[in-house]
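Since the structure comes first, as structure tokens, the remarks are kept for the end.
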Amino acid sequence: MSDTNNTNSSDKVLFCSFCGKSQYEVKKLIASPSVFICDECIDLCTDIIQEEINKLPREDSDDSLPTPHQIRKNLDQYVIGQDHAKKTLAVAVYNHYKRLQYLPKPKKEKLDKDGKPVEGSDKKESKLPAKAMVDDVELAKSNILLIGPTGSGKTLLAQTLARMLDVPFVMADATTLTEAGYVGEDVENIIQKLLQACDYNVEKAQRGIVYIDEIDKISRKSDNPSITRDVSGEGVQQALLKLVEGTMASVPPQGGRKHPNQDFLQVDTTNILFICGGAFDGLEKVIQQRTAKTGIGFNATVPGKDDRGVSDLLIEVEPEDLIKFGLIPELIGRLPVVATLAQLDEEALIQILTEPKNALVKQYQALLTMEGSELEVRREALSAIAKKAIARKTGARGLRSILEGSLMDVMYDLPSLKNVQKVIIDESSIADGGKPLLVYKQKVDHADLSKKA
């Protein structure tokens, strides 16, 4: 506390004991028995403490990491079927995060009294990617490639894994990526989105999961080299190589345009788990050609009709099939774990409608409960919804649009009808486009919306 005028106690001007600003230069000045602190210094101290907390390494124990059986059990609650893919993902994710427990703990940087790094400390060593070592054996990272038809659950599997492990998760669309310098998103933007997902906490981001969807859409257009540059196909694959394998990516800090003089954030992608997914439409034909029996002369066999389905063929996928499809060998080598998803049949689609925690029927039942009504979807209607989704070849994604279409008129009129007790969807509501049946509270009277005029 300073006193600018000692003649009169009422003329005393109070100063912050930390920054020296007067009470007229700050919004608030908090007093203690002997010192004062302003609101600006309080905010600064809060930020410093929060940064120190974020820098503390997270202590992982064996109990905190779920076993493959536990991971599989959690996936079963949200994803129906796909047993082979679940088992493959559970083992790969468990091994990946088990590997992270053996990473060397970061050394604390020596700072002087002003909070600046002490000269002479080895800065180059801190920028090298951290490697997991067990008994002098380096544990390499195993990224994952998901192959399956559209609507089979690839994205949902990745989202459920990230939610269970409580790690930063980001989805990227490969179709929007281009080489650096061209119109579109650079591959480094993926890491920037991951940082945004964890509030720019670099330590958390370096343990996150990145899901790159539609990876099959950046395949090479042809096997023959072209004169023109393929900036959205093979060029993107080349740009993804170092990012997927592990490199120090330079990402602009939060509010980069507002603070152009700030240094770029260095993010080590060595320990980020990359999951790439795609439908790979037409890959089954490549596999079919490779596995077809051939011969010469009298030993030649007439190729008959292959009765194997898409799911059976995709299980037999080999790296050479992916290369022929259009992925470059270097990228395939960096995605060693390949999990194939089966095409969903009618019974699986019915289970998806009713069994998971966030099943579609349960969601619409909750919506109608808000209006004071119940929703009943009969077994025949569930079967009709599944058959229509199979005919549209949209997989589980098509279920919502079909159910939404059948309930559109009901959800439009229901807020105005206060005496509806139950809404019933039967087979005719789906197959023939009929109106759902309404059961009123006053008397049991089945009436459809067409009678309301």
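Easy rule for this one: first residue shown is 1, then count along the chain.
Keep in mind that glycine also has a Cβ here, set from the backbone N, Cα and C atoms.
Worth saying up front: this structure is predicted, and the values here are computed from it rather than measured.
The domain 'ClpX-type ZB' annotation in Swiss-Prot covers 4-57.
Feature annotation from Swiss-Prot assigns Zn(2+) binding site to C16, C19, C38, C41; the stated evidence is sequence analysis. Counting every protein chain shown, the Cβ of C16 (Zn(2+) binding site) has 23 other Cβ atoms within 10 Å.
Marked as region 'Disordered' by Swiss-Prot: 108-127.
Residues annotated as compositional bias 'Basic and acidic residues' in Swiss-Prot: 109-127.
What Swiss-Prot lists as ATP binding site is P149, T150, G151, S152, G153, K154, T155, L156. Following the DSSP three-state reduction, the secondary structure of L156 (ATP binding site) is helix.
Here the CA atom of P149 (ATP binding site) lies 57 Å from the CA atom of C41 (Zn(2+) binding site).
Cβ neighbour count for S152 (ATP binding site) (all protein chains, 10 Å cutoff from its Cβ): 27.
In sequence order, L146, G148, D213, G277, G278, L341 are the residues near K154 (ATP binding site), counting only same-chain partners six or more apart with C-beta under 8 A. Rounded to the nearest whole angstrom, the C-alpha distance between T150 (ATP binding site) and C16 (Zn(2+) binding site) is 63. Summed and averaged per residue, pLDDT over the domain 'ClpX-type ZB' (4-57) gives 79.
When the C-alpha distances from T155 (ATP binding site) to the binding-site residues C16, C19, C38 are tabulated, the minimum falls on C38. Non-local contacts of G151 (ATP binding site) by the CB criterion (under 8 A, 6+ apart in sequence, same chain) comprise L344, A389, T394, G395, A396, R397, G398.
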